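One structure is given here, and the rest of the page talks about it.
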Amino acid sequence: MIGMDHFEREAYEDGYRVIAGVDEAGRGPLAGPVVAAAVILPHGYSHPEITDSKKLSAGKREKLYEVIKRDALAIGVGVVESPVIDQVNILRATLRAMAEAVDDLSIRPDFLLVDGLHRIFLNISQKTIVKGDTLSVSIASASIIAKVSRDRIMEIYHRQFPQYNFLKNKGYGTREHREAIQNFGFCKIHRRSFKVKSTKPQSLQTVNLFDF
């Protein structure tokens, strides 16, 4: 079994010096943004608890979020909201969020480890890794940053639209959420391209990622 730093070590051996892991959260929900994160960790970094954010409890993710913020050399976050998702489709929106996350880094990486199958539209050497959040500490760290950042955005949206209980479902298509859509229609952050019946939208206030 390979270690969580295998792909990082491989990149260092190939001569790269600044490696960023990139991952996203929120491709599947019916509402809210897709959020991506890019994380540059120190050379040789490891942490026994850092893994795919989906395998962690909310409390554990929050604790590891603070650990990663403390230990990382640089963190970048990209957010693409639902109107853009509807306009360009979820895959392109995800890749756009990933590119924004890399551009948001305070240090320019020379190599990217990207979760999934698709390369980011940036002129930087990169390797895509299916299930990379379980195989790379850099990608796993990015998955935690992306997930916690998105959850916090959805908590803000919950205060604007409490009838959908975004605090609990984070925009995913739970039974409760679908029933709320049937009862209240769409609000402004719902993804119209995700085939959920639309009624009159409500107003939307802008969410600032740095409000939390």
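The backbone N, Cα and C atoms fix where each Cβ goes, glycine too.
Of the residues Asp110, Asp115, Swiss-Prot puts just one in the divalent metal cation site with Asp23, Glu24: Asp115. The binding-site residues Asp23, Glu24, Asp115 differ in how many other CB atoms lie within 10 Å of their CB, and the one with the most is Asp23. Within 8 Å of the centroid of the Cβ atoms of Asp23, Glu24, Asp115, where the record puts divalent metal cation, the same chain has further Cβ atoms from Val22, Ala25, Ala36, Ala37, Met98, Val114, Gly116, Gly132, Asp133, Ile139, Ala142, Ser143, Ala146.
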